[in-house]
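**Q** My questions all concern the structure below.
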């Protein structure tokens with residue numbers, strides 16, 4: 001293992017890489033669940049079961065929650081609810097890798113807008129140019145479902161709220177308990193949508209085992225791995241590694257779902273990945289990320 005003073009430790013790098021693979025594998029694994037309970041039911045089950053597991057492990061009720069932290073935790077949960085529900089709604093009609101790439105515009109836009117450096121305009125232009133490849137202008141771009149694209153954009157916006165509120169909630173001294181409570185809030189927010197769409201079908205014997213697998217693989221495990229890595233990796237390194245998510249999504253979409261991407265779609269994914277990695281690489285932050 002590399003010493004902390006000499007470089008980045010291997011274990012946190014492996015944690016981030018495994019987290020990316022787990023999340024995208026879980027996103028591909030959820031597709032059969034759509035046929036049983038729809039995206040709304042799948043989102044409800046994923047968040048609900050993940051909340052049960054996280055609360056059992058973290059037990060956030062042991063420490064009183066201050067009012068300031070409570071408000072930011074609720075906002076964090078609302079962002080997480082939108083992030084999950086809109087992402088699943090987009091997956092109904094868009095390829096996995098493409099959905100992840102569009103969703104990535106949320107944190108990338110936040111990074112660019114919060115920066116005063118001119119070079120970040122380059123990364124914004126690169127990501128914007130990639131998204132132009134998705135527009136069916138002059139027969140160049142592929143035909144995409146407008147509703148699916150809209151849901152992916154809403155997921156990107158939810159990710160911004162998730163990041164901003166999560167930072168404030170965690171900074172208020174509630175740490176990892178923010179995740180458990182935030183997931184609980186998110187589960188309660190999406191519950192009415194799940195009940196309205198799937199109802200009792202969410203409790204079927206052929207639904208719950210698959211839903212639990214999705215909750216563990218794409219929820220509890222990645223969150224736990226990222227929590228390990230966040231306190232041990234420089235923010236720049238963490239951001240670059242997370243830029244691999246669209247590629248992982250495209251890979252699992254191809255291997256598990258048989259989704260073939262067009263050249264413009266692959267170009268858009270590559271552009272967003274390059275912009276995200278470039279923004280992290282030139283951030284100049286060597287500080288260790290904080291959860």
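Here the Cβ of each residue, glycine as well, is placed from N, Cα and C on the backbone.
On a predicted model such as this, the values are computed, not experimentally measured, just so you know.
What TrEMBL shows for this protein is this:
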- 12-35: transmembrane segment (TRANSMEM)
- 70-90: transmembrane segment (TRANSMEM)
- 121-141: transmembrane segment (TRANSMEM)
- 147-166: transmembrane segment (TRANSMEM)
- 148-278: domain 'EamA' (DOMAIN)
- 178-195: transmembrane segment (TRANSMEM)
- 207-225: transmembrane segment (TRANSMEM)
- 237-257: transmembrane segment (TRANSMEM)
- 269-289: transmembrane segment (TRANSMEM)
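I'd like to know what surrounds each of these features in this structure.
**A** Counting same-chain residues at least six beyond the ends of the transmembrane segment (12-35), those with a Cβ under 8 angstroms from any Cβ of the stretch are 41-42, 45-46, 87-88, 91-92, 96, 100, 207, 210-211, 213-214, 217-219, 221-222, 225-226, 228-229, 232-233, 237-238, 241-242, 244-245, 248-249, 251-253, 255-257.
Sequence-distant contacts of the transmembrane segment (147-166) (same chain, at least 6 residues past either end, Cβ-Cβ under 8 Å): 72-73, 75-76, 78-83, 86-87, 89-94, 98-99, 102-107, 109-110, 134, 178, 182.
Sequence-distant contacts of the transmembrane segment (207-225) (same chain, at least 6 residues past either end, Cβ-Cβ under 8 Å): 15-16, 18-20, 22-23, 25-27, 29-30, 32-33, 36-37, 41-42, 45-50, 53-54, 179, 183, 201.
Long-range neighbours of the transmembrane segment (237-257) within the same chain, counting only residues 6 or more positions beyond its ends whose Cβ lies under 8 Å from a Cβ of the stretch, are 8, 13, 16-17, 20-21, 23-25, 27-29, 31, 95-101, 104, 111, 229-230, 266, 269, 272-273, 276-277, 279-281, 283, 289.
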